[in-house]
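The structure appears below as structure tokens.
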Amino acid sequence: MKLLARTLYLWEVGRQVASWSLTSGQECLVLRETWWASMRAVRTRAVHHKPGHCIAMGRIMRPDDANVAGNVHGGTILKMIEEAGVIISTRHCNSQNGERCVAALARVERTDFLSPMCIGEVAHVSAEITYTSKHSVEVQVHVLSENILTGTKKLTNKATLWYVPLSLKNVDKVLEVPPIVYLRQEQEEEGRKRYEAQKLERMETKWRNGDIVQPILNPEPNTVSYSQSSLIHLVGPSDCTLHGFVHGGVTMKLMDEVAGIVAARHCKTNIVTASVDAINFHDKIRKGCVITISGRMTFTSNKSMEIEVLVDADPVVDNSQKRYRAASAFFTYVSLNQEGKPLPVPQLVPETEDEKKRFEEGKGRYLQMKAKRQGHTEPQP
């Protein structure tokens, strides 16, 4: 079968220049199966893929993609994941004749950073649509890193994203999603369970959206106030889609930066993103808004730190709209020594009743995820 591809950035002879390529249809299936075979992992395909239901993208990691430790910034990886997700979901939602739309990111499920990615390696991002409801699309994304000198590849990230199609004529109008065809009825039922679970969790998150991070003067070390941090960012054209709304990947990268600052202030060592709990996008952010991204420590185990990150948007040029909560998530960071081995972290000292409550909630999430990992029997690549 012919390769249906569009090259977005050309390779320049003799130079390492970033490139993206989009592949659809059966060629994408071949790429995905080849990657998984190279890692000795077998993955059953979830749906019957038609052209546009699966894409593969690749880009070489440059020095400006690095964090202060020299590895690829976790926010950069999150941004690449979201770019793949928005392409495939927008393409699918416009696959039938009807009102044109753009897919908006509503939620990112828990994302684990399985292995660091290095500058000079090639990031391979593959995305596929695995479930559709009446008004939402589930996209599963895998990220592989390739050392182009040795040819070795490794799985670095897995993520599940949910999108909703918004009309180009009226961005407050959610359109219907074209259905996909499943190989087995069980796969559709499993997808429906995932949809209902994330829908319930999103509702629970909205109930907690009244929290505000307040600065404290002269806080004591190891307290929540000591490491809490904020970034203020004016949303410009380069942050937005063609329709004037912030890319979800831009928001996620800013959230990861704030979480990293909080973690570094708390332990004062090299830190890396270990995982991201579900990121919920509660409302759209328009061009021209001033966004405040605030992070605070909620829980520490022996070698990990949980940081809650909140994104508030202030439409400064629109007096009719007040400041609102746009997104929220929990990030988990680990402290590393010079050899890249995990270090014990200073234990958080919660002071107020709210801080103690958040600490216990974080402990519950930590123990739940620890039990899930210990009971996970799927062979790892």
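We count from 1, first residue shown onward.
Glycine residues also receive a Cβ, built from the backbone N, Cα and C atoms like all the rest.
What Swiss-Prot lists as active site is Asn67, Asp256, and the listing cites similarity to another entry. Positions annotated as compositional bias 'Basic and acidic residues' by Swiss-Prot: 354-364. Taken from Swiss-Prot, the feature domain 'HotDog ACOT-type 1' applies to 51-169. Look at Swiss-Prot and you will find 225-339 tagged as domain 'HotDog ACOT-type 2', backed by sequence analysis. Annotation source Swiss-Prot lists region 'Disordered' at 343-381.
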Residues that sit under 8 angstroms from Asn67 (active site) by C-beta distance, when 6+ apart in the chain: His73, Gly74, Gly260, Val272
Long-range Cβ environment of Asp256 (active site), under 8 Å and at least 6 residues apart: His73, Gly74, Gly75, Leu78, Thr273, Val276, Phe331
